[in-house]
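A.B. asks: This is the structure I want to talk about, given as structure tokens.
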Amino acid sequence: TVMATPRVDDWSWFLALALGVSFLKCILINTYHSTDFEVHRNWLAITHSFPVSKWYHENTSEWTLDYPPLFAWFEYGLSHVAQHFDKEMLVVQNLNYTSPATVLFQRLSVIVTDMVFIYAVKECCRSVREEKGSKDLLGHPFFILAALLLWNFGLLIVDHIHFQYNGFLFGILLLSVARHLQGRHLEGALLFAVLLNLKHIYLYIAPAYGIFLLRSYCFTEDNTDGSVRWSSFSPLRLVALGSIVISVCALSFGPFIAMGQLPQVLSRLFPFKRGLCHAYWAPNVWALYNMVDKALSVLGVRLKLLDVTKLPKASMTGGLVQEFQHSILPSVSPSITLICTLLSIMVMLSIWRRPRGTRGFLRCLVVCALGSFMFGWHVHEKAILMAILPFSILAVESREDAGIFLMLTTTGHYSLFPLLFTAAELPIKVLLMLLFTLYSFTSLKKLFRWEKVLSQGSILNPLETTYLLGLVAVEILCEVVYPLSPWQHTLPFVPLLVTSVYCSLGVSYSFIRLYVSLLRQDGTDKHKQL
């Protein structure tokens, strides 16, 4: 018997994908969890045990509350459910409290709040262009997108092993993107304003939202050449947008402004006393910069050009979050990283000249996320997901984007491996990464197989493929060869350094390719105009 092809509006396959990944998340409940688990337990305790006026002052634990107020209220809501599991987890003095009931509650809270992410993925799938893909369900763009998002390897290990609430937050982001794709711009703006007040790291992509909404919502018409028609500006639309953003911020920060605590809250949200890089260098430009500085200092000492006693101590690899000085190259300040970030996302202004609809906005959102990741201050390696997840939508609609996506996703996901450093989790992360990567490659190659015939080329060129295969060699070196070497005890940071620097090359390459594709599109538009 031949199975009937499911209709586009038959979403039973989506339910199967969502239930499947939810079941996997339940299996991972008793795996390793990081200090982020204690961070969120402490925040549950703070918001449950203290009045609002004390939330951003309480410092019994080193893991003080440093997310915006809406997230604090989210923790407050969770704490009322948590008390039915184990009241002891809500005692602030119970540091590093991990009873089985506490672990169960915190893990389940992530799995249940992921319902927001699942709904957002469904809305994104509804917004995918239908022109590509076969009649076969498994080869359809919306099926591939659902699998790439719901089963995203990075999100699985960061949320359901390492422990965080990124799924619920990315759900709000993707739902906002979906609303813009559907032309429901005020809803999209409202969702993004809520997201910013839940986690301020999304400020990285706020410029893309600001420029897009001003250009494509507040200006209602274009000239025939695609440029802005200034006379079409709608003050009413600008007021509507402004009202939404101000209302959400007032709801979030209002109580703290009324109590005169705004400076205290902001000092928690933006702690610039932290160093340029996290304890494990995120694979970005600064990792390469640090590596060059390290290499030059070693070379200088070997050639007796430098006095080793006068060099700053190697705090870059000490595993602590702190400020440090470079040995040879100029030290980088937060203002320098801000300037570099702004310069790196200047290409985004192309959506002002020629918006290219919501796809142009989505592309600029990814550039914004990636530019901030590449040049930002104290960037966490997990922030790469802010580029990977929205980019998944473009990857199922364009062959060129699919190629960049495969490079970025494979490299970015591998760079998350050091988050799970326990032996028990090694087979889990390797197997999940292999499954996701193989599916990404096979599904996207199948989706764009006709374009390969026409363009006489693969999605990735031989050099890109060789680089990605090099990740296997890096993994064998870091997990098998190096631990057996005599340097393991004297230079324990080398595997992290090698992983970070090698992945930096792939992420930088992906950023440059994406940047060039945007500039090329802009150039094509100008050529058509001429």
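Every residue, even glycine, has its Cβ placed from backbone N, Cα and C.
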A.B. asks: What range among 276-296, 465-485 does TrEMBL describe as transmembrane segment?
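C.D. replies: When 276-296, 465-485 are checked in TrEMBL, transmembrane segment belongs to 465-485.
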A.B. asks: Using a Cβ cut-off of under 8 Å, list the residues of the same chain at least 6 residues beyond the transmembrane segment (426-444) that approach it.
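C.D. replies: For the transmembrane segment (426-444), the far contacts come to 28, 31, 138-139, 144, 147-148, 151-153, 156-157, 161, 395-396, 402, 405-406, 409-410, 413-414, 417, 420, 459, 475, 479.
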A.B. asks: Are there at least 3 C-beta pairs under 8 angstroms linking the transmembrane segment (104-121) and the transmembrane segment (201-218), leaving out pairs fewer than 6 apart in sequence?
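C.D. replies: Counting Cβ pairs under 8 Å, fewer than 3, so no.
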A.B. asks: Most CB pairs under 8 Å with the transmembrane segment (104-121): which of 12-32, 238-258, 491-512?
C.D. replies: 12-32
A.B. asks: Out of 12-32, 328-349, 491-512, which stretch has the largest tally of CB pairs under 8 angstroms to the transmembrane segment (141-158)?
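C.D. replies: Stretch with the highest Cβ contact count: 12-32.
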